[in-house]
Amino acid sequence: MLTLTQGKKIVNALRSRLAFEYNGQLIKILSKNIMAVGSLRREEKMLNDVDLLIIVPEKKLLKYVLPNIRIKGLSFSVKVCGERKCVLFIEWEKKTYQLDLFTALAEEKPYAIFHFTGPVSYLIRIRAALKKKNYKLNQYGLFKNQTLVPLKITTERELIKELGFTYRVPKKRL
């Protein structure tokens, strides 16, 4: 367990330290492409882990980012890692914390932020309401009859509005 303040400190430190190896080169992940999600974004007082979403600029890079993740100046070990999710244990101020990393493409960003911010109970209610209208919502997009529904949105707030719901700041989602 860690406090919200500790979680924020870890995220701020990671913003300048995350990179991945690609074709023998170390590629820095831009701070603007790293965002806190999960309980940290909901500003819960106590956190089980730190969840970060990394926006990947090109689809071809997805398979390289997480499996080849590097954290400058921090000791870490990988528990499990794939193209879309990686669970690490990082050493921070003489303690070990779990860091969950997720990836999304730029066009998936609003959906991924919404999905990974949660909480699960809130997502279940939204998805149940959408299911009645034959829609499926996940971290990759909005689908109707298994077909992606193109929405001209760039933010989570626009997504919620487009779906016909009232936007709630993450802190107030139940």
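Glycine too: its Cβ is placed from the backbone N, Cα and C atoms.
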Message: For the annotation region 'Involved in ssDNA binding' in Swiss-Prot, which listed range does it cover: 42-51, 92-101, 152-161?
response: 42-51
Message: What does the structure give for the C-alpha distance between CYS81 (disulfide bond) and ASP100 (Mg(2+) binding site)? Integer Å is fine.
response: 10
- line: Cβ atoms other than its own within 10 Å of the Cβ of ASP51 (Mg(2+) binding site), all chains, total 23
- prompt: Relative to the mean position of the Cβ atoms of ASP49, ASP51, ASP100, the recorded Mg(2+) site, which additional same-chain residues have Cβ within 8 Å?
  reply: VAL37, GLY38, LEU40, ASN48, VAL50, LEU52, VAL87, GLN98, LEU99, LEU101
- prompt: How do the residues of the region 'Involved in ssDNA binding' (42-51) split into helix, strand and coil according to DSSP?
  reply: 0 helix, 4 strand, 6 coil
Residue with minimal Cβ packing [other Cβ atoms within 10 Å] among the disulfide-bonded residues CYS81, CYS86: CYS81
